[in-house]
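Attaching a single structure in structure tokens format; questions to follow.
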Amino acid sequence: MDISKVDSTRALVNHWRIFRIMGIHPPGKRTFWGRHYTAYSMVWNVTFHICIWVSFSVNLLQSNSLETFCESLCVTMPHTLYMLKLINVRRMRGQMISSHWLLRLLDKRLGCDDERQIIMAGIERAEFIFRTIFRGLACTVVLGIIYISASSEPTLMYPTWIPWNWRDSTSAYLATAMLHTTALMANATLVLNLSSYPGTYLILVSVHTKALALRVSKLGYGAPLPAVRMQAILVGYIHDHQIILRLFKSLERSLSMTCFLQFFSTACAQCTICYFLLFGNVGIMRFMNMLFLLVILTTETLLLCYTAELPCKEGESLLTAVYSCNWLSQSVNFRRLLLLMLARCQIPMILVSGVIVPISMKTFTVMIKGAYTMLTLLNEIRKTSLE
């Protein structure tokens, strides 16, 4: 990639292509697909999302033991969360697309190769995370297919209610297994996108903050400039910071409620899967299948917490850069402007979910402890039922 031509939105191209396939990002009305996109969206979402959700939910309601309830809940709750996330993306789509213009505006403000290299490194990191999640989900789907193939009796990848008799006939079983696996592959694509797009946006915000910190730290050094020129440069940097804050607040509005639900959903999934694996009577392939699901769900939340801390970390670097610039030799007006920027930089860029819960590694640790507490409670219920 040419270092002189940096486009931050390149990291988002695959995400929005997948969202278009998912039926929530319509193309132009002049195209054939655009004119029929509404019908396509309805067919796709009913077939691959609503039907599979109904199957999971009915199977959950038909649970007749704590073990089967836990096995069903650990797939029903995350899938419900993904559907809510998809609805949220559709609701906030216009605002998220408009943020691309702000990213391109920040790209134009890059002043040297070092800053461009920072942005390129962020794009490469986001693409690496996307590829890694894709490989993890692919391994999970492949393992599920192996589990189906190796099973001694007709079974599906995850516990599902099917409204017809699919166990007694080989042809009915094969058709059902193929349909079910295809639907889960479509949902795996959805999970890939919904798991990685928040991290991509957060990484882009963090690297642009880092590039701005580099620009600010160089203020006042090098060849002397007139006071008016220095003030104009600083005003430009303040505007850049305001754009970054707008991006961050836009992300917070887009992710807040779904992230709050994600913490709860992941904790429940961890608790129920661990209970099923520890106390359920399962074979090795079924054990591995559910274990991979546990790893995927936990990694998704871990990734969100990790990337949510990046803007906060780079915000602290920007604060340090404000102190590091050569402000002593500048005019009084310059110092006043710098104090305004300093005051705003002192407010940390902490992403908050559900108004009160910060998205951070500390919250992730609390979630793990909560899952362990619920697992202990389920174990006590199991012991009581056995007595």
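Backbone N, Cα and C define each Cβ position, glycine as well.
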Of 72-92, 219-239, which range does Swiss-Prot call transmembrane segment?
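Spelled out, Swiss-Prot records transmembrane segment over residues 72-92, not the other listed ranges.
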Is Thr160 placed by Swiss-Prot on the same side of the membrane that Phe69 is on?
yes
Any contact between the transmembrane segment (41-61) and the transmembrane segment (172-192), i.e. 3 or more CB pairs below 8 Å with pairs at least 6 residues apart?
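Contact confirmed: at least 3 Cβ pairs fall under 8 Å.
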DSSP on the topological domain 'Extracellular' (358-387): how many residues come out helix, how many strand, how many coil?
26 helix, 1 strand, 3 coil
Near the transmembrane segment (255-275), which residues from the same chain, at least 6 beyond its ends, have a CB less than 8 A from one of its CBs?
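For the transmembrane segment (255-275), the list is 66-67, 69-71, 73-74, 77-78, 80-81, 84-85, 88, 198, 290-291, 293-294, 297-298, 300-301, 304, 351-355, 357, 359, 363, 367-368, 370-372, 374-375, 378-379, 382.
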Could you check whether the transmembrane segment (128-148) packs against the transmembrane segment (172-192) - three or more CB pairs closer than 8 Å, residues at least 6 apart in sequence?
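Yes, these stretches are in contact.
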Take every residue in the topological domain 'Cytoplasmic' (93-127), average their pLDDT values, and give the whole-number result.
91
